[in-house]
Amino acid sequence: MSDLASSLTEEQLNILKDAALDFALSHGLVVRPPPTPLSKDDPHHATLSTGVINAPVSLFPTPFPKQAFHDAVRIQPLFSQLVHDISEDDAFLKEIMESLSHVDDFVKRLYDLYLIVKKEGIAQPASLGIHRSDYIIHLNPGQDFSEAAIKQVELNTISVSFGSLSSLTGDLHRYLQATTGYFSNKVDLDALPTSESIESIASGLASAHKHYGSKSAKVMMVVQPGERNAFDQRWIEYNLLNKHGIVLIRKTLAEVADHGRLDPTTKALYIGDQEISVAYYRSAYATTDYPTEKARYALYTPEWDGRLLAERSLAIKCPTVAYQLVGAKKVQQVLAAPGQLERFVKDPQSAALLRASFTGLYPLDHTPEGLAAYEAALINSDELVMKPQREGGGNNIYGKDIQVALRTLSAEQRNAYILMDIIRPPITKNVLLRKGELQRADVVSELGVYGIYLHSGKQVVRNDIGGHLLRTKGVESNEGGVAAGFAVIDSLILV
Ligand code: ADP
Ligand code: MG
Ligand code: MG
């Protein structure tokens with residue numbers, strides 16, 4: 001395998017850096033710098049920077065096994081269909097979510113929302129999924145790099161990000177090669193697959209908007225206040241307008257609560273006078289997205305009110321709360337148990353393809369399997385990761401900390417978590433560009449494949465592959481979030 005990071009001189013790296021920074025700033029491959037809080041006690045009121053910095057990126061593409069990449073792409077429509085089929089299995093969701101609800105308030109809130117809307121009668125039978133299934137590659141001893149297989153880390157069903165910045169990072173790498181030629185003989189750019197994710201997410205929203213059927217309605221992106229990754233989102237807005245002639249407005253959950261209402265007859269969602277065709281969440285997945293939750297005695301707080309209003313409405317949700325629940329790590333673990341995945345995926349070949357991407361997943365419940373996993377992890381937790389039902393990075397527990405956590409939690413509290421085998425991918429080298437600074441690093445990568453899925457309530461309207469994302473991080477870091485500051489956006493070179 002080529003080792004560009006070692007073969008490039010300091011001078012060449014600096015030329016690449018300057019070219020990369022200008023490309024990033026002029027093409028919107030950018031993020032907002034962290035805001036300056038007005039006071040420590042009030043972190044939600046901060047001055048938003050009017051300037052930008054380059055999105056964290058790698059300086060050149062990272063080698064990735066061709067077969068593994070094609071496998072990940074090929075199975076995406078199966079995963080998107082699986083999410084939908086599980087979302088319709090009320091009994092399956094009930095069993096998992098009821099047990100989690102006892103030990104996880106956030107899951108309980110979401111599941112309550114699901115129950116309220118279900119009881120009331122679902123106004124909008126259609127649902128839009130913009131998913132991303134994430135993988136790390138695994139190599140058996142003695143195997144060649146090109147023989148590595150994908151292992152699924154998790155399946156995200158809400159607020160998947162970096163679709164736009166991923167495509168732009170691929171463009172950046174192609175530009176650097178075309179203008180400097182430094183990668184020649186090392187990197188064959190024909191093997192650099194383009195990711196259409198900057199287009200596909202807008203295209204998914206456009207399909208849902210058309211399905212909704214009102215020309216004057218607008219798409220609503222539900223955003224976090226003070227979002228730093230706003231430019232990844234803006235490209236979706238611009239593509240939706242330029243390629244599909246559809247306007248997208250940005251609202252926070254609190255704004256939905258303050259300015260939203262339902263038409264009493266049709267349940268159409270209005271924000272002010274504006275009818276909303278699609279409610280697309282780039283928020284609403286973390287406990288911090290419902291901050292006034294801390295008002296302990298209020299039954300419903302503005303953010304939960306906003307979420308409930310949208311959920312009850314005629315607007316097509318991306319995702320529905322049901323899709324969001326299906327994305328729980330507990331669901332992933334249950335599916336990995338013998339025969340469970342096969343309940344939903346009847347075609348044996350398809351089921352085998354999906355199952356081949358699973359790594360070891362273990363419950364921490366009262367079943368014999370759960371107790372055995374608990375006992376084993378108390379003795380050796382080096383090859384495990386312990387996960388709660390949370391999204392957005394930074395929530396997992398690793399190594400010896402797992403033993404500490406297991407000793408601290410009650411048998412009931414353990415139910416809120418699952419255990420998973422650590423996937424240890426082969427290490428490669430790259431140069432990371434963060435806040436204008438270069439850093440040579442031994443790195444590992446995580447591939448994400450986007451899926452665009454629209455169901456009318458009666459039939460599948462579309463189920464497409466939506467491009468991909470490669471995130472690369474230094475080997476020393478357990479977690480891989482770009483927004484969380486651990487990883488950079490990369491592109492891949494197939495080998
Ligand atoms: P989140 O929903 O918060 O993104 P993930 O399951 O993706 O949760 O875990 C966050 C990060 O932790 C991943 O991006 C990856 O870097 C690391 N990670 C999670 N599970 C594994 C695993 N089984 N093996 C290796 N690393 C993992
Ligand atoms: Mg996730
Ligand atoms: Mg993740």
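Every residue number used here counts from 1 along the chain in the order it is shown.
Glycine is no exception: its Cβ is also placed from the backbone N, Cα and C atoms.
The substrate binding site annotation in TrEMBL covers ARG132, 158-161, 227-229, GLN233, 282-285, ARG471, 482-483. Counting every protein chain shown, the number of other Cβ atoms lying within 10 Å of the Cβ of ARG228 (substrate binding site) is 17.
Annotation source TrEMBL lists Mg(2+) binding site at GLU154, ASN156, GLU391. Sequence-distant neighbours of GLU154 (Mg(2+) binding site): residues of the same chain at least 6 apart with a C-beta under 8 Å from its C-beta are SER133, ASP134, GLY327, LYS329, GLN332.
Secondary structure at PRO388 (ATP binding site), taken from DSSP and collapsed to helix, strand or coil, is strand. All chains included, 20 other C-beta atoms sit within 10 angstroms of the C-beta of PRO388 (ATP binding site). Look at TrEMBL and you will find GLU154, LYS329, 387-396, TYR398, 420-423, GLU446, LYS473, GLU479 tagged as ATP binding site.
The average pLDDT the prediction assigns to the domain 'Glutathione synthase substrate-binding' (218-326) is 93. The feature domain 'Glutathione synthase substrate-binding' is assigned by TrEMBL to 218-326.
Straight-line distance linking the Cα atoms of TYR398 (ATP binding site) and ARG228 (substrate binding site), rounded to a whole number, equals 28 Å.
Looking only at the binding-site residues PRO388, GLU391, GLY394, LYS473, the one with its C-alpha closest to SER159 (substrate binding site) is GLU391.
Between ILE422 (ATP binding site) and GLU391 (Mg(2+) binding site), the C-alpha separation comes to 18 Å.
Proximity to ARG132 (substrate binding site), judged by a C-alpha distance within 10 Å, picks out ASN156 from the binding-site residues ASN156, PRO388, GLU391, LYS473.
In three-state terms derived from DSSP, GLN233 (substrate binding site) belongs to a helical segment. DSSP assigns VAL482 (substrate binding site) to coil in the three-state reduction, placing it in neither a helix nor a strand.
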